[in-house]
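Student: Pasting the relevant annotations from TrEMBL:
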TRANSMEM  76-97  transmembrane segment
TRANSMEM  117-143  transmembrane segment
TRANSMEM  155-179  transmembrane segment
TRANSMEM  199-219  transmembrane segment
TRANSMEM  226-247  transmembrane segment
TRANSMEM  309-332  transmembrane segment
TRANSMEM  359-380  transmembrane segment
TRANSMEM  409-429  transmembrane segment
TRANSMEM  435-459  transmembrane segment
TRANSMEM  480-499  transmembrane segment
TRANSMEM  511-532  transmembrane segment
Amino acid sequence: MATTHMELRNKAEELPQDSEFQTKEVARHTATRLDGDGFFDESQDGNLIETKNTRADAMNMQRMGKDQELVRNFKLLSIAAFTALATAAWEIGLFLLSPGLINGGRSGLVYNTLWNFVGFAPIYLSMAEMASIAPIAGAQYHWTSEFAPEKYQRVLSYITGWTSTIAWQAGNAMGIFLVGSLVQTIILVNNENYEFPSWHGTLLAIAAMVTAYVLNVYGSKALAKWQIAVFIIHVAAYFGFLVPVWVNAPKASHSQVWNSFVNDGGWSSIGLTVLVGQISGISQQTGIDTAAHMSEEVRDAAYTIPRAMLVVYIVNMLILFPGVLTVCYAMPDLEAALADSTTYPAIYVLRQSMSVKGITALLACICFLLTASNVVYLAAVSRDMYAFARDKGLPFSDRLASVHPKRKIPVVATQVSCVFATLLSMIYIGSPVAFYAITSLLTVALLQCYCLSIGCMLWRRLNRPETIPKARFSLGRVGPAINAAAVGYSLWAFFWSFWPQSYAPSAADFNWASPIFAAVLVIAGVHFVLVARKRVRSIDRNVEQVVLLGDFAAR
């Protein structure tokens, strides 16, 4: 049953009389009229009909105190396809297997892929619920602010906002670099004398970044329209990879795949080396929260985003795990695979399965898919930056949070994200080690965001459960247990993500995530103390003050 304006006003009057929330939210609600289909009446607010808001979307944005500036072009299938392309489960997952193969071998890789899938289940269930309560582009930093103890809202959300922004920016640079690296791999497959000069990789990465920018900005209105078609290519190319390997590649024995562990990292035991090697399995599972950062461009986001995240989480594993098994079975000589001139064991597998022309065609298709992945990933990266800047969390926030009046996207945030990735790519020319040091932040920073936001949700569930707004995707009575498991596993994964690839690492093998992550926290802390604490916006109002509108939006 719809709630009348008078009922809302009467309820709001029960809040503290000096509540800024009361004044702002009641004024907004009473000034807004909805038609019978749940969309805003054009005669009342042309901007809201232009942004394709539903009733629930509008009330959620009001509850969170945000104006609807972006256009909701995505629906369930298109945002699910978007997320699947952004995570690129097999295109990335099958080409970045070396850490797991070096520390654990085929068996270690297979098992850590399985247990990390299980371990991430409570993490994504928890984030799906939070995305249903607060479907907003800021995602983890907003959730941290909304559910944290009131005394710590501002500082915890600020730290999470910074680490989230850095994580997505690092991922953006890694994505374009992988495209450049695979183009160089195509050249090497066709010409074994090619020497992989670093400046070639940088130029190719910049070209990939320019492509992603053009399609993001000038093709912004079409972004939601091509997701499903490219997802179909994503699935078709996957079988184009697997079938020739199934048919032609020599096979390892079942014992080699399931019961043969390798310790090439020099660790003290097989158990330890397998745990160190699980970084492959961990990185395979991160990033599905891409969907949450697009929440303000998805219709009926509180319903759609949680389901899209969980569907992609399952579909990605249904694609990834058979691919991992296939590659492991197609490597009877593990040392030869790790020593392949391209540095990709997957290319070694393809060399045993198809001709050079076949490999070239398949890699060209993968480069196309990764370029599409970079396009959608850049969209999510820019929305994350836009949202944090909107709450004054970054330098030059007013510019970064601006939305192009015609394109209805954060063009400046997109431009800055492209420039940042380009500068990181140029570092690779002088020092590949420095480039990898910075981009190694991706996984650990995301895990910190997951842990802190879910931890705040768990705190509120245990201490102030009555203040949590109702959600259209709710964990119900099992929520505390799932949240606790999510915090525990994200801490576990966070801890192992800092370990180097070998016991006595060189500069190239060292895991630079720990010092770089610490440096980011120090910089963020200094900026907060000197500048941001006086202007950054948090969800300062208590959650019990917003539970009213949250309940209405969930009905």
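Glycine too: its Cβ is placed from the backbone N, Cα and C atoms.
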Student: Ranking 76-97, 117-143, 309-332, 359-380 by the number of C-beta pairs under 8 Å to the transmembrane segment (199-219), which range is first?
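Tutor: When the Cβ pairs under 8 Å are tallied, 359-380 comes out ahead.
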Student: By a Cβ-Cβ criterion of under 8 Å, what residues six or more beyond either terminus of the transmembrane segment (359-380) are in contact with it?
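Tutor: For the transmembrane segment (359-380), the far contacts come to 82, 85-88, 91-92, 168, 171-172, 175-176, 178-179, 182-183, 185-186, 189-190, 208-209, 211-213, 215-216, 223, 227, 230, 233-234, 237, 240-241, 290, 293-294, 347, 350-351, 409, 414, 417-418.
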Student: State the residues, same chain only, that lie 6 or more residues beyond the ends of the transmembrane segment (480-499) and have a CB under 8 A from a CB inside it; answer 'none' if no residue qualifies.
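Tutor: Result: 116, 119-120, 122-123, 125-126, 275-276, 278-279, 282, 443-444, 447-448, 450-451, 454-455, 457-458, 461-462, 511, 513-514, 517.
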Student: Do we see three or more Cβ pairs under 8 Å linking the transmembrane segment (309-332) and the transmembrane segment (117-143), pairs being at least 6 apart in sequence?
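Tutor: In contact, yes.
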Student: Checking distant contacts: for the transmembrane segment (117-143), what same-chain residues at least six beyond its ends satisfy Cβ-Cβ under 8 A?
Tutor: 57, 60, 64, 66, 70, 157-158, 160-161, 164, 281, 285, 288-289, 291-296, 298, 301-303, 305-307, 309-310, 313, 317, 321, 383-384, 386-388, 390-391, 393, 449-450, 452-454, 456-457, 468-469, 471-475, 479, 482-483, 485-486, 489-490, 492-493, 539, 550
